[in-house]
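A quick write-up on the structure given underneath.
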Amino acid sequence: MATVPLVRVCERCLNEPPALRRPKTGEKICKSCFYDVFETEVHETIVSTNLFHRGEKVAIGASGGKDSTVLAHVLKTLNERYDYGVEFVLLSVDEGITGYRDDSLETVERNKDQYEMNLEIVSYRDLYNWTMDEIVATIGKKNNCTYCGVFRRQALDRGCVKLGISHLVTGHNADDMAETILMNLLRGDTSRLDRCTEIVTAGTDSPVKRSKPLKYCYEKEIVLYAHFKQLDYFSTECTYSPEAFRGTARAIIKNLEAIRPSAIIDVIHSGEQFVLQKKTKNRMPKARTCTQCGYLSSNETCKACVLLGGLNASRAKIVLDTEPAPDQPSAAAISRSLERLSF
Amino acid sequence: MTACSRCGQESRVKTRGEHFCEDCYIGFLNIKFRKNLDIFRVNFMASSVPKLLVPVSFGLGSLVLVDMLGELLLRQRTNHGGRIGFTVQCVYVGDDIMEWPFGDDLPLIHIPKEKIFSEAFKIDGQPLTDSQLRGLSRSSIQDLEFQLRGRLISDIAKNYEAVVMGYSMTRLSELVISETVKGRGAGIPDLVAPGGRDRIYPLREILDDELQKYAQLRNLQKYVRPDRPVPMVTKMQSIDELVHRYFVDVQKEFPAVVSTVAKTASKLAQDTEECSVCGDGQGVCYACNVMLKARDSEKVIERMPTDDILAKYLLD
Ligand SMILES: [Zn+2]
Ligand SMILES: [Zn+2]
Ligand SMILES: [Zn+2]
């Protein structure tokens, strides 16, 4: 019997030499088949959920990181290939994190030209009169993500409203989704348990609908896509401390994947089956407006104003208690308030 | 001497911020245990005594459960002139049976493990063949055994009033996580629902640590099956083993996580997927499909830094 010579070809097109092993399936495939399968999966997610409509104006939450950069690139590609007729705009938040956000915003500025999309930047400094660096200097390196999460969410909302946009797409990927499902179980976040896997979320406390076109994309495939396409992205992670349980959820999923590569999708599947009991659902808060800033809120005071109240109280305390040194963040913030007053 | 906060005797155990002497501690756990079995009080009007089926694994929970059931029967006999409110049949499905320290009130039947593969589980009317079984990963075999044992118990339970199981709060929370990561999210409400499908978990409000102390005080430890050895290499471990170790670690940092997970899961509504493997329905559900097809992975796939991903997946 003649032995068949081992020819290395792409398992999809049986033509090109393979360039990578696909993390989701283990198939050895060529570059163009990888682009095709990756982009087509996103397209199928978009079509099967009627995510966009013709003439819609949609904001892409752009951080300059790999997820949102790949999202912008793929959406531009698909919009042209399948003629969605959607106008995409890049929307970035400047949290005021030295060395992280100022550099990544330069990336977004370049993306603006690369993808021929308009760019809008909203900053914590303008919205709240606090930068994230100042917040961390005040509250310490704990619960940073809680503050940042609340402020960023509202900042993106406000950016959308300013642009007259009611649909925001974000770069959340399958790994993020799986982590979030486990975290919501571990910390008892009932209100988010059955909503966190939905591709579109329209909360009672936000005028903007949010969606996650990359929700089934493995993070590793996003990295590989960005690498092959030589996308211009900023790869440093935020240096502030992550939420409780995020690290442990990430660790267990990494180990689970070693045992069963489908683990990420399995967790998402479970999350999609979670339905809350009626009585729990009825207790969910109704929409109203924040008495302090007038913004949509599920409570009398919105989360951002609650956090800001605490921050401003501690800032006032610093001013009263001590003579602030000129380079202290609180002093910087105060002098900015003065600048505004003098204007 | 630290005093028992309930009677002033010397404290032997501290739990939930309270000091207990031996008697008060056992009483404290028994109150939590008995309130779940209130419907099986001695009933002088009833013509027959309800039969309860008690599946045991020789784990901590099942031995404490059987011990408490025995004490409850004793108490009923003493207080009601020899009458009891229920009878117990214990059942063990597995191979390596252990010493059974309980008396005639608590009889045990033994079903060998092969029965669950030959009798309880068939695909298109055919039992799973040896070669099919060999093709499954360690993780899938454990999962399959768990599902099939559950089905076998459900079948036997048709002749009983209810199934009483020794799941602690710790064990139930761990099951919530492991079923979630196996893609079995839909089955969680049914698993954790109080009294769901005529199943009763009298230890559902008791933590493993508390059961451990009970077992010590009642000299049950020597009958508890020691933990099976877990492979050192992560990818050789099963999902259940991995989740167990993870859950033990998380509790060290966040002790409240056990009750949080249990409480959260109890708020989920029934939304069971149809399945002929893990349920009584048609077809094969998502998780059973994964379970039966999944093979031991040769490749370790991790959430790694970009450079490692590129180095690993790029072919030259
Ligand atoms: Zn190809
Ligand atoms: Zn006492
Ligand atoms: Zn099933």
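The backbone N, Cα and C atoms fix where each Cβ goes, glycine too.
Going by what TrEMBL states, the ATP site holds A:Gly61, A:Ala62, A:Ser63, A:Asp67, A:Gly171, A:Asp176, and the candidate of A:Val93, A:Val122, A:Val136, A:Val200 recorded there is A:Val93. Across the domain 'Cytoplasmic tRNA 2-thiolation protein 1 C-terminal' (A:289-318), the DSSP tally of helix, strand and coil residues reads 16 helix, 3 strand, 11 coil.
Between the two most distant C-alpha atoms of the annotated ATP binders (A:Gly61, A:Ala62, A:Ser63, A:Asp67, A:Val93, A:Gly171, A:Asp176) there are 20 Å. Counted within 10 Å of its Cβ, the other Cβ atoms near A:Ala62 (ATP binding site) come to 31, all protein chains included. A:Gly171 (ATP binding site) falls outside any helix or strand according to DSSP and counts as coil. Counting only same-chain residues six or more apart in sequence, the Cβ atoms lying under 8 angstroms from the Cβ of A:Asp67 (ATP binding site) belong to A:Gly171, A:His172, A:Asn173, A:Leu214, A:Glu219, A:Ile222.
For the domain 'tRNA(Ile)-lysidine/2-thiocytidine synthase N-terminal' (A:57-246), the mean pLDDT of the prediction comes to 87.
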